[in-house]
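K.L.:
Supplied in structure tokens, the structure appears directly below.
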Amino acid sequence: MTEEAMRAMALSIRSLTIDAIERANSGHPGLPLGAAELAACLYGTILKHNPANPSWFNRDRFVLSAGHGSMLLYAALHLSGYDVSLEDIKNFRQVGSRCPGHPEYGCTPGVEATTGPLGQGISMAVGFALAEAMLAARFNTDEHAVVDHHTYALVGEGCLMEGVASEASSFAGTMRLGKLIVFYDENHISIDGSTDLTFSEDVAKRYEAYGWQVLRGSMYSYTDIMDLTACAKRDDRPSLIILRSIIGKGAPTVEGSARAHGAPLGEAGVREAKKALGLDPACSFFVAPELTAVLQKRKCECAHVEDSWNELFEAWSTQYPEKRADWDAAFVPGGVSTSQLARVVCPHFEKGSSLATRTASGKVLDALCSVLPNLVGGSADLRGPNAVAVSSLRPFSAEHRAGGYCYFGVREFAMAAIVNGMQLHGGLRAFGATFMVFSDYFRPALRLAALMRIPSVFVLTHDSIFVGEDGPTHQPVETLAALRAIPNVLVLRPADAEETFEAWKIALLHRSGPVCIVLSRQNVPVFEKSDSSWRSTVEESGAYVVREGGATPELTVLASGSEVDLALRAAQLSKRRVRVVSVLCKERFEAAGDEVQRRIQGGARVVVAEAGVYQGWGAWAKREKCLVLDRFGXSGPGTQVAQALEFTAEALVEIILDWLA
């Protein structure tokens, strides 16, 4: 595309932005007005993509990390020929619109990730670039680069102030993710005013210290943008391209001020902006007519690029049928199929033996990775304690790209966002691991995964007061309830080693949201199951009967995780007809319906046993009928902490007998 055409495209982006935000009476005009030239360069020339096929695998990915500037993206997608109509633009920020206030994955063709919470977009972009590097090492040959694309992101000062951006950028530099190119819209303005108030550091030096290539130019020089992007592509380091800009450019009433950030220009402001831009104030949603032919030509060129790749892919498939078979296995819907999982042999766990569910998880993960090479992930500096140091998962590094294990370092938030990016990219099934109590560090990324309904997996060990000596800073009590409170999240808390295998199967077959696998530090026994069909029951219903309690149980204990063993001991001690139910997944159990719940519960009175707060169990039992923990723990051996808190089998017996008196 010529510079003249890109100028016309930038003008059209500004026009659509002004009118869409004014019509909605809501939005953020500052960034789209200030960065329209960049969008014109990207979508007019730089990006390797195909608007007619937004899911083409080898496309470049663009992530608008500064998601509040969504009209920049929607306007560019509309002009480029994506299935985003002018009517969609006119319905910006309206209920049911394909152009919501912030970009939403799955809502708008061409939107690669849900963004808006600042810093997470660049972090997911790191995940995209990491996935590209892994897959390129696995599938490319000297003659066939079937995985060869770049990830671009646009950030502002707000993104770079967020800690998660620092975490992810540090990781990207360490791993030398050279296919990652980040544009920094440097306008020195945030909502509160000049960034002199809040952001005095030298960003360029900071990113150089991370191991990035740093380049500088003007947002309003097409030559700068094109040349700097070409320079970035030649370097094997991630690149930060700092583009000096003016927020709200072209709108005289707000240009260069914080007033441009997050409010419509108003009738007078719109009129003045259109005059300044050389537009007719009476004309709304203007698109330069000369763009029609230019953009149609560009769209045809993009389709031809995909056609050329398809030819390359078919030649590669013919020459390397084993690699093609691995490719097909990696790209099944959801990343893992039932038939693939059927080939995984469950490790042998001796009945009556005792081991921590985190240890069992490590054995299961090793078995899974030996069959599923696209299962990848890592830990936030807890590889051993999280039991994810499995022999079948080789480390990934700047020097060794074919590995599948990521040393994320002490960067929980970035880890989760990077896992989300890897999951969005496709071709991999990704997990991240840490102590359960530190899931609070990455909760916003878990929430975005839930909002996007992507099946990121999070392995959370050290799940209760039985952590012991590390004390209450490391003993989660409120965390189970907090995780379960997020819509679309599955929380799986297995009671023993065999349930841990089932938990991983459920997690990997789940496709409509993230999964948290919650695991114990302490040993728990592998117990006999009273129902031979317990595996299918727990997969379908999230819970199953561990102890029948006779033909007509007097009372049922609902328990999860390590408290299932506690409940079994209490049932035995009570000498009453007590049924024990293991609730592996409370969300599935509660969604199973009244009939299934009654069958599993047995129609008896209910007591709950769980080493966490009462919140979330109110529909099943009153607080006084539950053995729960509504207080923090203490430092000491786990069993002694439990005794001190009266969280014991004997305490549960007392509740049971009182309830049956």
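Indices start at 1 and increase along the chain as displayed.
Heads up, the Cβ atoms here are built off N, Cα and C, so glycines get one too.
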K.L.:
To which of Asn25, Asn91, Asn187 does Swiss-Prot also attribute binding of thiamine diphosphate at the site defined by His68, Gly116, Pro117, Leu118, Gly158, His261, Phe438?
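P.N.:
That thiamine diphosphate site, as Swiss-Prot gives it, pairs His68, Gly116, Pro117, Leu118, Gly158, His261, Phe438 with Asn187.
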K.L.:
In Swiss-Prot, the substrate site includes His28, His261, His462, Asp470, Arg521. Which of Arg138, Arg176, Arg358, Arg623 does it also list there?
P.N.:
Arg358
K.L.:
Besides Asn187, Ile189, which of Glu157, Glu162, Glu167 does Swiss-Prot list for that Mg(2+) site?
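P.N.:
That Mg(2+) site, as Swiss-Prot gives it, pairs Asn187, Ile189 with Glu157.
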K.L.:
Assuming the binding residues for thiamine diphosphate are exactly those in the record, His68, Gly116, Pro117, Leu118, Gly158, Asn187, His261, Phe438, what is the maximum CA-CA distance in angstrom, rounded?
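P.N.:
The thiamine diphosphate-binding residues span at most 35 Å between Cα atoms.
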K.L.:
So if I draw a 10 Å sphere around the Cβ of Glu412 (active site, proton donor), how many other Cβ atoms end up inside it?
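P.N.:
I count 27 other Cβ atoms within 10 Å of it.
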K.L.:
To the nearest Å, how far is the Cα of Glu412 (active site, proton donor) from the Cα of Phe438 (thiamine diphosphate binding site)?
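P.N.:
Just about 7 Å between their Cα atoms.
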K.L.:
Going along the chain, which residues six or more apart from Asn187 (thiamine diphosphate binding site) have their CB under 8 A from its CB?
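P.N.:
When sequence neighbours closer than 6 are ignored, Asn187 (thiamine diphosphate binding site) has Gly30, Gly34, Gly156, Glu157, Arg244, Ser245, Ile246, Ile247, Gly256 within Cβ distance under 8 Å.
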K.L.:
Out of Leu118, Ile189, which of these binding-site residues shows the lowest number of other CB atoms within 10 Å of its CB?
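P.N.:
Among the binding-site residues Leu118, Ile189, the sparsest Cβ neighbourhood within 10 Å belongs to Leu118.
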K.L.:
Quick one: Cα separation, Leu118 (thiamine diphosphate binding site) versus His462 (substrate binding site), in Å?
P.N.:
30
K.L.:
Measuring CA to CA, name the entry from the binding-site residues His261, Arg358, Asp470, Arg521 that ends up nearest Gly158 (thiamine diphosphate binding site).
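P.N.:
Result for Gly158 (thiamine diphosphate binding site): the nearest of the binding-site residues is His261.
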K.L.:
Helix, strand or coil by DSSP: which one applies to Gly158 (thiamine diphosphate binding site)?
P.N.:
helix
K.L.:
As a test of the contact definition, list every same-chain residue at least 6 positions from Gly116 (thiamine diphosphate binding site) whose Cβ is closer than 8 Å to its Cβ.
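P.N.:
Expected: Gly67, His68, Gly101, His102, Pro103.
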